[in-house]
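Colleague: Here it is, the structure in full.
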Amino acid sequence: MSFAELGLSDELLKTVEAAGYTDPTPIQKQAIPSVLMMRDLIGIAQTGTGKTASFVLPMIDILAEGRSRARMPRSLILEPTRELAAQVAENFEKYGKNHKLSMALLIGGVQMGDQVKALEKGVDVLIATPGRLMDLFERGKILLTGCNLLVIDEADRMLDMGFIPDIENICTKLPPNRQTLLFSATMPPPIKKLADKFLSNPKTIEVARPASTNLNITQRLVPAPSSAFAKRDLLRRLLNAEDVRTAIIFCNRKTTVRELNKSLKKHGFRSAEIHGDMDQSSRIAELDRFKAGDVNILVASDVAARGLDIKGVSHVFNFDAPWHPDDYVHRIGRTGRAGATGTAYTLVTSADAEAIENIEKLQGQKIERLGEVPGGETNETAPAEKKGRGRKPKAEKPEAAAVADTPRGEAARPAPPREERARQERPRDDRRRDERPARRDRRFEAQDEGPDGKDDGGWNGPVPDFLNFTIPA
DNA sequence: AAAAAAG
């Protein structure tokens, strides 16, 4: 089935074709005709399924007729994060460039002035995060009485973020006879209730989770020590061992994002960072540096886990195993996009057993365990890290133990540039490789060193069954 | 356990 059979206008079909798309995705095939028929819709789909175009395209055709009036937007799209909202706006620009649609992006973290100006001129499409929308609404800058089309995107994530009361509030301000489209990756009871309350006779469409069926992504688990210091060493070895063109590295905490980015830069990697504590302009700037190729590594919190569509990401690394299995699916979905192949590594510490179990349960498949990471040398000295005056983040504490694991002379040696390091990968040591006590294996041997684990922050005890690990001989 | 979103 082609786009031409979905009922879109000829003009729009030309734009879609020019953008290089020939075949609609399953959700587009099912959703577009229904949306054009003005039906309410529940779309159970992840990002990466072509979900955005499944509402953007028909909306462009629906809005092509009619004109907007001051402060009375004709349609509203709600997104959970600013980045996602901006991305949807980009989609409207891309597909709507031959239609004279006006649009306003209402997100926090930026000046209100331009947003207010756009509203006063009148817009066809409003793309918003709930906070800023409510704010502007309460200031009387928006009237929602002419808003006949509502899209609630990533509803389950809105729920996670506590936005449901806001969404309900917004829904009551729209005309009751409007068309409503609700998209969600999962259907927990509160979302079901929301749909029952605000949608009428909706058509339900469900498409497969992309990440669980995305065979383009090679997934691996890497047993990791628990100290942040030793973990970063392991990560650097992975980065050097792999053909990493562009990578997103996810951490569970904003502090970890900052520390890791700092550390990577110190070690000669070209990296940027993104998390929710940064102001919006820095977030955009860092993301742009990554998109433009100024840096090839982006260290990120889960703000970047969902929906972000960045082309050509070759690797995803989970520096921390995510606590929720859904987050894992979203994170690794940043690679292997649009038919490309990708690799996703997850560093797993002994504390992550349950998280990994849940991830594998969700995916319905085991993830390959990686037994060995080349390298095993560390050039980072923990004292250098300590220099930053003042309080040290809690997570860094176990690093003291890791220092003991660094051979004396090695610790003082300054980090060579990255390219050189690859060449002098093996240490100056005449003994044959197999005669040497393989340093990289110590983390796996730590099981013999007793439960106090004062060695390198490695496994405190036997390798857990869940990792089902073969220890290198 | 965290992160996200209004300022």
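Backbone N, Cα and C define each Cβ position, glycine as well.
Taken from TrEMBL, the feature compositional bias 'Basic and acidic residues' applies to A:383-399, A:407-457. Look at TrEMBL and you will find A:1-29 tagged as domain 'DEAD-box RNA helicase Q'. Feature annotation from TrEMBL assigns domain 'Helicase ATP-binding' to A:32-205. If you look up TrEMBL, you'll see A:233-381 marked as domain 'Helicase C-terminal'. Residues or ranges marked as region 'Disordered' by TrEMBL: A:367-473. Annotation source TrEMBL lists motif 'Q motif' at A:1-29.
Please situate the listed features within the shown structure.
Modeller: Below 8 angstroms of C-beta separation, residues 36, 43, 45, 49-51, 53-54, 57-58, 60-61, 64, 94-99, 205, 207-208 of the same chain, each at least six residues beyond the ends of the domain 'DEAD-box RNA helicase Q' (A:1-29), sit close to that stretch.
Mean model confidence of the motif 'Q motif' (A:1-29) amounts to 93 (pLDDT, 0 to 100 scale).
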Colleague: Residue counts in helix (H, G, I), strand (E, B) and coil for the motif 'Q motif' (A:1-29), per DSSP?
Modeller: 17 helix, 0 strand, 12 coil
